[in-house]
Amino acid sequence: MSYDSAKAQFADWGIDTETAIERLKTIPISMHCWQGDDVVGFEQKTGASGGGIQATGNHPGRARTPDELRADLEFAYSMIPGSHRLNLHAMYLDTDETPDRDEIEYKHFAPWVDWAKEQGLGLDFNPTFFAHAKADDNLTLSHPDQGIRDFWVEHGQRTREIAARMGAELGTICVNNIWVPDGYKDTPVDRMAARRRLEASIDQMIDPSQDRAHMRDAVESKLFGIGVEACTVGSHEFYMGYSMKNDTVLCLDMGHFHPTENVADKLSAASLFVDEILLHVSRPMRWDSDHVILQSDDVLQIAQELVASDLLDRTYIGLDFFDATISRTAAWVIGTRNMQKALLRALLMPLDRLRPAEDALDFTERFVVTEELKDLPFGQVWDEFCARMSCPSGLHLINQLEDYQGSVSGR
Ligand code: RNT
Ligand code: ZN
């Protein structure tokens, strides 16, 4: 079947595939650097990532240097239609110097910015509050020791300055996302004290108030992590309140809630009270396992909410998964394309028909239409989008993914 007949079929349902394709072209996805090297980073040290984050697997080809990571990224972006962003963590500095976390400066990341300019990519940034001796207790910004808190506040302040400069250099807003591993393995007696310390530290870290021209502060909650099963200091309620009170972006990671909670449902509710949301689109399997995202119902529902609730212009779409049992570049490419496919499907919904049905309480119509819709030739529209953006799909994509993996497997 050709694109033209697919287009006609969608048109029968009152859906304009051209409008959907044009809209999809404008939606950037922030691809996370850490899928490329199993969350190891480029600080000249050895050790596990810590903080309850777990990449498993030993597939050949892990990027060991910034140059290898950039080469992998260039390949991945060439397989992903559209222009996108890179989400960098502070532990991915590119320098011969060995600054501690409280000593990092813009110059340590300047090669990334030069490269991003050359590639036409935007950058997002993250302070790294894990994989460090001063985070070994799984307490950082909420640590009872003032000296440790000060160290991490300094780190966070520096990342904000670096993020603001990145945003200014690239002419796009750089989101600086704060996630700390802080929590307790067993039931604490003074949750309140820990939360007061976390609040005070973040207040200090994001003061003076943010430079909204070039960067945003985001805060990311979590339910639990390995080693902090009893209490996570930065819980959802904590950061939902924090972001509302302090006008920061709220980050929702799909792996950071009870497994049966629907993160898509949170978007409209949270958006009434915070201006902007950052998503970490992920696939928790039984726990926050960070599997590569699929075209699964929960991802489709997120995309539908972004479209139907008109949230695309105030949501930053980031990805957060890492799988070291498969080709890391293939994971990036398929995961990112899956997010785009979900968005395309959402953009191809006949909302003009579904909304009135729902308002008229005609749930049968809503049910029948949404199910029948699944049989429309979506794949043809996706292929057309890829072709227009000079990206392969189907078997051509698979061949290129395999060839590239073959070329790096000797690392
Ligand atoms: C951890 C959080 C966080 C990290 C990255 C590496 O549970 O999801 O976003 O995955 O910062
Ligand atoms: Zn996350």
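Every residue, even glycine, has its Cβ placed from backbone N, Cα and C.
Neighbour density for Asp290 (Mn(2+) binding site): within 10 A of its CB lie 27 other CB atoms from the protein chains shown. Annotated Mn(2+) binding site per TrEMBL: His256, Asp288, Asp290, in sequence order.
As annotated by TrEMBL, region 'Disordered' applies to 45-65. Outside the region 'Disordered' (45-65), and at least 6 residues removed from its termini, the chain residues within Cβ reach (under 8 Å) are 36-39, 71-72, 129-132, 135-136, 138, 181, 225-228, 289-290, 322-329, 405, 408-411.
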How many other Cβ atoms sit within 10 Å of the Cβ of Asp288 (Mn(2+) binding site)?
23
List of residues, in chain order, with Cβ under 8 A from that of His256 (Mn(2+) binding site) and at least 6 apart:
Glu220, Ser221, Lys222, Leu223, His236, His280, Asp288
Excluding His256, Asp288, Asp290 themselves, which residues in that chain have a Cβ inside 8 Å of the centre of the Cβ atoms defining the Mn(2+) site?
Lys222, Asp253, Met254, Gly255, His280, Ser282, Pro284, Trp287, Ser289, Asp320
